[in-house]
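Visitor: What follows is a structure written as structure tokens; I'll ask about it next.
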Amino acid sequence: MLRICSPIIPGQTEQGGRSFLTIDPRRKQVTVHDPAASGYITSSNRRAAVAAPKMFAFDGVFSPDDSLSEVCSGSLSEILQSVIGGADGCLFSYGHSKLGKSFTMIGKDHSPQTLGVIPCAISWLFKLISEQKESTGARFSVRVSAVEVSGTQENLKDLLFDVGGGGEGPPSNAVYLREDPICGTQLENQSELRAPTADRAAFYFDAALAATSKNAEEDGRSSHLLFTLHVYQYRIEKANRAGLPGGISRLHLIDLGSTAKSKDPSNASLSLSALGNVIMALLNGQRHLPHR
């Protein structure tokens, strides 16, 4: 899905020029026009041949006029249903800095209309669980984990280590990656705290945000937040009634660092093309991803 944050949209003008971006929410398409045909380049510098418009299709397109609640509803509905049905789900945000990327995921608690994707996911997931319990008699248990990946060394930090009473256990940076020959790379040793209610899960989310790194802006650009809701569903065996499939499903909600360029070439953020290669590798079932 794509959320447009640029103020240059159809119906608006900037410096007398026309928009180079056309949004069609109904068809879920975005058309990018050659700036030479949009009035941003003078006739003396305009190329002899103007490039044809390029059209891109998405699962959903949100314009700057769409509210945050509309973005949350459009992006979460199908994923939450899949998680309740026993499948894993993942939603992440990525883009350039200072365009509201993290605000989209986190939001503000001023009103229900300003809640971000993660708070909405927590609230709506527990509502669906309650409905599922009432209609099927299934038993659920939800646990929460939160991990931060930060810095040029991509350090892993368990954001719920302290709130989970881990002060007497191993250090908070004991989270690590393990290579599994069957399942691939696995994140190990992070705290997984039981959340019997949506309020408790929201409390853990606030605690995770409070535990994130508060270093220089450059470090913030290369910091990634992984918040996961682990949904355990228990098999119910009743006479003359088929049992519900037991097991675990996970909802991963990820706020990835921005594409902002670093002054240090060795500290380059993950590019859009590199991220696309990783996603395609995951979709194709590759065990080894084309990125460290």
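Cβ coordinates are placed from backbone N, Cα and C, and glycine is handled just like the others.
A TrEMBL annotation is a machine prediction, not a hand-curated record.
Pulled the feature table from TrEMBL, pasting it below:
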- 1-292: domain 'Kinesin motor' (DOMAIN)
- Gly95, His96, Ser97, Lys98, Leu99, Gly100, Lys101, Ser102: ATP binding site (BINDING)
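Burial and contacts for the listed features, if you can.
Guide: Counting every protein chain shown, the Cβ of His96 (ATP binding site) has 14 other Cβ atoms within 10 Å.
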Visitor: Counting Cβ atoms within 10 Å of each candidate's own Cβ, which of the binding-site residues Gly95, Gly100 comes out highest?
Guide: Gly95
Visitor: Across all chains shown, how many C-beta atoms besides its own are within 10 angstroms of the C-beta of Leu99 (ATP binding site)?
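Guide: Cβ-Cβ neighbours of Leu99 (ATP binding site) within 10 Å number 15.
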Visitor: Count the Cβ atoms, other than its own, that fall within 10 Å of the Cβ of Ser97 (ATP binding site), considering every protein chain shown.
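Guide: Looking across every protein chain shown, the total is 15.
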Visitor: Determine the most Cβ-crowded residue among the binding-site residues Lys98, Lys101, using a 10 Å radius around each Cβ and all protein chains in the structure.
Guide: Lys101
Visitor: Return the count of C-beta atoms lying within 10 angstroms of the C-beta of Ser102 (ATP binding site), excluding that atom itself.
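Guide: I count 21 other Cβ atoms within 10 Å of it.
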